[in-house]
């Protein structure tokens, strides 16, 4: 693994725990925490589902790249990326060269349990959210693994934080 340079970038599907774990890691490291989805919505002045409605996924992805470019240059950060941030090669290259990238992995069934009551996820507003999560998982899991410096199972938050802290100190 490359040396930890003070930038921790979390990738993974929606519901993997990137935001929850990211906040915990930032607190433990005494770093600033950023959630790219939150930053996109704040910059746009509207929630993400509205961006998807008005601009489609492509418009959202363009905004995502712009926000990643702004955040990635900041020192001592923990950055939680959106689940689809790695879909663009430009984003993958940017995050790979900028920090330590961790794939928070969880199976689709766990992801569904964690996102079941969250109506702010446009990609899950379908008749069969589990089938959609399985489809996203099949398509994205290999990309996450390729992009990440290492993969961590995101089961118990406290244990995952400890695992990450150990990995970063190597």
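Cβ atoms here come from the backbone N, Cα and C positions, even for glycine.
The model shown is predicted, which means the values in this text are computed figures rather than measured ones.
Taken from Swiss-Prot as is:
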type	residues	note
BINDING	15, 16, 17, 18, 19, 20, 121	ATP binding site
BINDING	19	Mg(2+) binding site
BINDING	37, 61, 83, 140	substrate binding site
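Proximity to residue 16 (ATP binding site), defined by a C-alpha to C-alpha distance within 10 angstroms, is shown by none of the binding-site residues 37, 61, 140. A separation of roughly 13 Å, to the nearest angstrom, links the Cα atoms of residue 37 (substrate binding site) and residue 15 (ATP binding site). When the C-alpha distances from residue 17 (ATP binding site) to the binding-site residues 61, 83, 140 are tabulated, the minimum falls on 83. Ranked by CA distance from residue 20 (ATP binding site), the binding-site residues 61, 83, 140 have 83 at the top as the closest.
Summary of the substrate site environment: with the site residues 37, 61, 83, 140 set aside, the chain residues having Cβ atoms within 8 Å of the Cβ mean position are 14, 64, 81, 82, 84, 85, 86, 87.
For the pair residue 61 (substrate binding site) and residue 15 (ATP binding site), the Cα-Cα distance reads 19 Å. There are 25 other Cβ atoms within 10 Å of the Cβ belonging to residue 16 (ATP binding site). Rounded to a whole number, the C-alpha distance linking residue 83 (substrate binding site) with residue 19 (ATP binding site) is 11 angstrom. Neighbour counts were taken as the number of other C-beta atoms within 10 angstroms of each residue's C-beta; across the binding-site residues 15, 17, 83, the minimum falls on 83. Each of the binding-site residues 18, 61, 140 was scored by the number of other CB atoms within 10 Å of its CB, and the largest score is that of 18. Residue 140 (substrate binding site) sits 19 Å from residue 19 (ATP binding site), taking the CA atoms of both as reference points. Neighbour counts of Cβ atoms within 10 Å were compared across the binding-site residues 19, 37; the minimum falls on 19. Put simply, the two farthest-apart Cα atoms among 37, 61, 83, 140, the recorded binders of substrate, are 18 Å from each other. In this structure, residue 16 (ATP binding site) belongs to neither helix nor strand by DSSP; it is coil.
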